[in-house]
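According to TrEMBL, the protein carries these features:
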DOMAIN    168-372  domain 'Fatty acid desaturase'
REGION    26-53  region 'Disordered'
TRANSMEM  133-155  transmembrane segment
TRANSMEM  161-179  transmembrane segment
TRANSMEM  248-268  transmembrane segment
TRANSMEM  302-322  transmembrane segment
Amino acid sequence: MDSHIVFDAALTPADRVVLSSMADDVRNSTKQQQGVETCSGLDASDNGLSNTSKTAATTTCLKRTSGNQSSDDDEADVALLKAMNDPQHPDFEPSVISSVDLRSMKLPLPFEKHVLNPYVSWARKMVRVETDVIMLTHLMIYLSTSVPSVAYLFYNFTYTHAILHVAMQFYYTGAYTLMMHQHIHMRGVLNKRLWFIDQTFPYLLDPMMGHTWNTYFYHHVKHHHVEGNGPDDLSSTMRYQRDDIFNFLHYVGRFYFFIWFDLPLYFLRKKRPAMAVKAAASEFSTYAFYYLMSRIDGRATFFAYLLPLFLLRFGLMVGNWGQHAFVDQEQPDSDFRSSITLIDVPSNRYCYNDGYHTSHHLNPLRHWRDHPVSFLQQKHIYAKESALVFHNIDYLMVTFRLMIKDYETLAKCLVPMGDQIQLTMEGRIELLKKLTRKFTEEQIREKYPPKK
């Protein structure tokens, strides 16, 4: 069943290690199963061997097919990935730009010596975690492109510039959002001595990227990770049939039009009035900012702020639907069984390992570069818990494939673990269909009894 596993040339080094490890597991499991059948046949056959001889032959056969090498390989892989993340190790490799790894950069020697290496050395001191040079790189790109572009839109608006600006922001938004995802969990991405810049740049850049001030923090950290896709989660997928377009539109529409009301109300229900006030104040202060900017130039405000807002909020819900589309009916409160892992280029190379969503829910404070390491270390638990891992597909395409009920593509993208390895393609499809079923209110009450 490993014939469907595809190794994209643009996979990150860590993803390539993880996917290779999983492919080896599939091959070893298949060989082991075949070996057990062969050895069982040997044990059952009577070729003139004594019972003792037959037992010895069977034991030898099983040893040859047991795949004991895999655990040693995993330990070596973990050590390799840890070394890449350790600034004190000779194999340390910071992330500098998203499109290419530092080790793969082919640059003229003078440029590498006098520009790249000094920049990396300096940038490592400017960021919170030394691997995260890429975040400083991106910040400088946004400040040198998005900010002057918006300023010029208000100074001299043209539709050509406006359309090109929106296209640029659309390209930036995914990576920026996942950088801010790290920011809101770590309370910053820059060195702590740069705290003022670290805490103020979101107020400049967030509206340009479609975010209202602090709403991402309150919704994601203070609400979503508290509820974990449970029934009180405003972005929960449980009450929806997750391969139905009308259920999906209802899901998106509620967030799109009512999150300004639902989120403060959620905090009030949870007896957190101060948080409700902060969430409402953040949202409405951003709306006030939009209004003030529209008094300067309404057209520029629409293209610089409102259109990115509309696009991002749709994208966030499409992504969250894909992240939590497959929920186990028996254990919906398990992070292993209510979220998925993706090994793909858009999520992990360009969006800070966002594909490791299960790992993120298991430990929201885990640094993005540590997700592949943690996954390999806990791979046996993922397998035991029947966690789902896909490859060669991102969250947006997971949602799209569900909307057109293309379970065959999703099944081919599944990287089986544990008992899943024995499933036929039809068995995979049946499993995925089962996991997208809507929960009834009776099921929800049974799995989430009211707290006394």
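Positions of Cβ are set from backbone N, Cα and C atoms, glycine also.
Non-local neighbours of the transmembrane segment (161-179) in the same chain are 98, 135, 138, 141-142, 145-146, 149-150, 152-153, 189, 205, 208-211, 216, 299-300, 303-304, 307-308, 311-312, 315-316, 346, 350-352, 354, 368; each lies 6+ residues outside the stretch with a CB under 8 Å from one of its CB atoms. The average pLDDT computed over the domain 'Fatty acid desaturase' (168-372) stands at 97.
Note on the transmembrane segment (302-322): residues 150, 153-154, 162-163, 165-166, 169-170, 173-174, 177, 207-212, 235, 237, 242, 248, 251-252, 255-256, 259, 290, 293-294, 340, 394-399, 402 of its chain, located 6 or more positions outside it, place their CB under 8 angstroms from a CB of the stretch.
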